[in-house]
Amino acid sequence: MKEKKYADVIIDISHEKVDRTFQYKIPEALRETVLVGTSVMVPFGRGNRLTAGYVVEITDQAEFDEEKMKEIYSLSKQKVSPSEDALKLAVFLKETYGSTMIAALKTVLPVKREVKAKEKKTIVRQMTGEEIRSLLAESIRKHQTGKTRFLAALTEEKKLPYELVTGKLHIAPSTIKSLISQQVITVETESYYRNPVRLETGRREEKKLSNEQQAIVDTVIADRDAGICKTYLIHGITGSGKTEVYLSLIEETVKRGRQCIMLIPEIALTYQTLLRFYKRFGDRVSVLNSSLSEGERYDQCERARKGEIDVIIGPRSALFVPFEKLGMIVIDEEHEPSYKSETMPRYHARETAEYLASLKGASLVLGSATPSLEAYSRAKKGEYELFTLTRRLTGGRLADVSVVDLRKELKEGNRSIFSRKLQELIEDRLSRKEQIMLFLNRRGYAGFVSCRSCGLVMKCPHCDVSLSQHRGGKLVCHYCGYEMQEPKKCPSCGSPYILGFKAGTQQIEDQIRKRFPGAGVLRMDADTTRRKGSYEEILSSFAGEEADILLGTQMIVKGHDFPKVTLMGVLAADLSLNDSDYHCGERTFQLLTQAAGRAGRGVRKGEVVIQTYQPDHYSITLAANQDYEAFYEEEMGYRELMGYPPAEHLLAILFTSKEEGQALAAAEETGRILRNYQEESGRSDGSVIGPSKAAVSKINDIYRFVIYCKEKDYQKLLIYKELTENYRKNLPGNSAFVQFDFDPVNTY
Ligand code: ADP
Ligand code: ZN
Ligand code: ZN
């Protein structure tokens, strides 16, 4: 057999120009240790600077003259090496979503570098109690107060925690050292894992499953046992017992010696949810989310790798936890946009989970009250097995929903943000000491400032977005953080009528306080939840009835039961309908359905008021009726008509550069190449649109152009990607950076 002497290495530099492998010789001494996946240090570039990289292939074939080939310098000490599965996942991400290999590798490594284990030190007595007592007597005689304290403690305990000795007992390190050298004590060091969650798990809780629930568990587990691994979709309203089903499914899978990944949108990862898993699985479950320290993340992955935990709960990145015997992936609230990554590689957790499940022979279970059109259409086609949970199990009845036409209110002289109906109901609930939630369904902020005379909108000088009004007369850019003082006069026409469009949550809070002066109000939005733990604080003080009204953005409609809430007001339901994005009808339906599910979780029946300027829009009327099927049919009809996903597939190609001309030139040339290809291959069913300026045409002084490609067949979009990549690689003079986004969830 020929010796495998050469390694193909991906260099740890994030640029598409180096997005290929470079071949290095493996020095004799490293032949045993350098494997596929190993992270290494190699000389790179003209200056031969030592640069980190990952070995992705080992071969006996030299790609070029061996004489000219550089050698691997050493193993990289700090960096974590991806496993074989992780490498396969990285290749999948690169090929499916068009990212550089290095970005894909970094995504599949849940931790990038090794973090030293935490250590616990214990002082252990090496002498008998008798011997210690005689030493103690001597030290009392010599007035050695520190040593006396220490020895006195040692007469009582054979082992003492190190921190106790140096802390509470105030023993100097020199005293400890001298006792060690006299062989009175030794110090034992034990490393342990950082545990991010300390929960009083209490008694194990298990409900007897309903027939509907049990049937799901039986089917999936019977498939598992028969070696069939497929994808299931559980459609069930909030409170219909989906989580209880996940718990049983996971438990059965764990019993069979396999591990499970439970994905939950970060925002829904609440204390309550975690507690349910801890009650069932105790120390065998752990969590991975953005508030963990690097050391905590590292340790959870180590525990997973060594098989010390069976279940990991986390947002989409938890998919990459290295379980050897993965048996099941559950994705709760599968429709959530946060399952799609917004940075390269722009992967979708559902699709990536499908790949991972097939790689590992695992089952994939999706659940939602309002399934994504993608998942539901696949279930209808029979690609996923569909289960429906139809009943709420806690007895709480569905709320009464009414839709209020804000145009009519205005016509009849009511200019307030509260319709007369909502006002009356709020007063009624306040007088009965019941709680109210008010929901503003907008993404981020509005609160922009414009001139009423000439129409000028105050914009960020670096980004093509309007500045948001904050307290204290400040205007802030939410993309780059730019700040300026609010102008007194219009900078363009000099008019003094330059005013804020007052409809952000902050302004609404002010209005609530004015109109209902006696009421306690809590506000929850990106501003009030910036600090770690503040999200939980607001929720728990509302749950503790420290306030009557909780006002907030999307954050308030997820998770959490508030039995005292009997009124949910949606302030302007069509705000989310006006996004320039083909998903907005679906988002609006999902948000309103979720909001409606928030009221009346307790004994009392709840009411929901949806205020809107478009009372006839199907997203609003069908959410009010809680009619998912009818909504699916309507929305799918629209997607088919327009050729949007899931009817067809969409690829956004984004060109960015500091030089506007270069970004545009690269985009235009790409557009030509793609159209040529389309004509030459004689195809008429797809289309290439653009290039055009992106909706946000500049961020941080970087210009943005976009091309959209629509195709029924995903594979054809991959050809467009390849054509674009090939063109870019052969264009050394152009600075434009190219990114791909397949089936994007945002508009560019
Ligand atoms: P979902 O995840 O669909 O919102 P959950 O699993 O959280 O639903 O269930 C909603 C409520 O019903 C929870 O309080 C849960 O404890 C309870 N529940 C779920 N299944 C059962 C059951 N089989 N018997 C009794 N209560 C149940
Ligand atoms: Zn003006
Ligand atoms: Zn900016």
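Any Cβ shown, glycine's included, is placed from N, Cα and C.
TrEMBL: automatically predicted annotations, no manual curation.
Feature annotation from TrEMBL assigns domain 'Helicase ATP-binding' to 223-389. Residues or ranges marked as Zn(2+) 1 binding site in TrEMBL: CYS451, CYS454, CYS490, CYS493. The Zn(2+) 2 binding site annotation in TrEMBL covers CYS460, CYS463, CYS477, CYS480.
Structure coloured by features recorded in TrEMBL.
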residue : record                : Cβ contacts under 8 Å, 6 or more apart
CYS451  : Zn(2+) 1 binding site : VAL457, CYS490, SER492, CYS493, SER495, TYR497, ILE498
CYS454  : Zn(2+) 1 binding site : CYS490, SER492, CYS493, SER495
CYS477  : Zn(2+) 2 binding site : CYS460, HIS462, CYS463, VAL465, LEU467, SER468, GLU483
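Among the binding-site residues CYS454, CYS460, CYS477, CYS490, the ones whose Cβ sits under 6 Å from an atom of ligand 2 are, in sequence order, CYS454, CYS490. Same-chain residues with CB within 8 A of the center of the CYS451, CYS454, CYS490, CYS493 CB atoms, the Zn(2+) 1 site residues themselves not counted, are ARG452, SER453, GLY455, LEU456, PRO491, SER492, GLY494, SER495, TYR497, ILE498.
Other C-beta atoms found within 10 angstroms of the C-beta of CYS460 (Zn(2+) 2 binding site) number 23, with every protein chain shown included. Listed binding-site residues: CYS451, CYS460, CYS463, CYS477, CYS493. Those with a CB atom under 6 Å from ligand 3: CYS460, CYS463, CYS477. Confidence for the domain 'Helicase ATP-binding' (223-389), expressed as mean pLDDT, is 92. Among the binding-site residues CYS463, CYS490, CYS493, the residue whose Cβ has the fewest other Cβ atoms within 10 Å is CYS493.
A coil conformation is recorded for CYS454 (Zn(2+) 1 binding site) in the three-state DSSP classification, outside any helix or strand.
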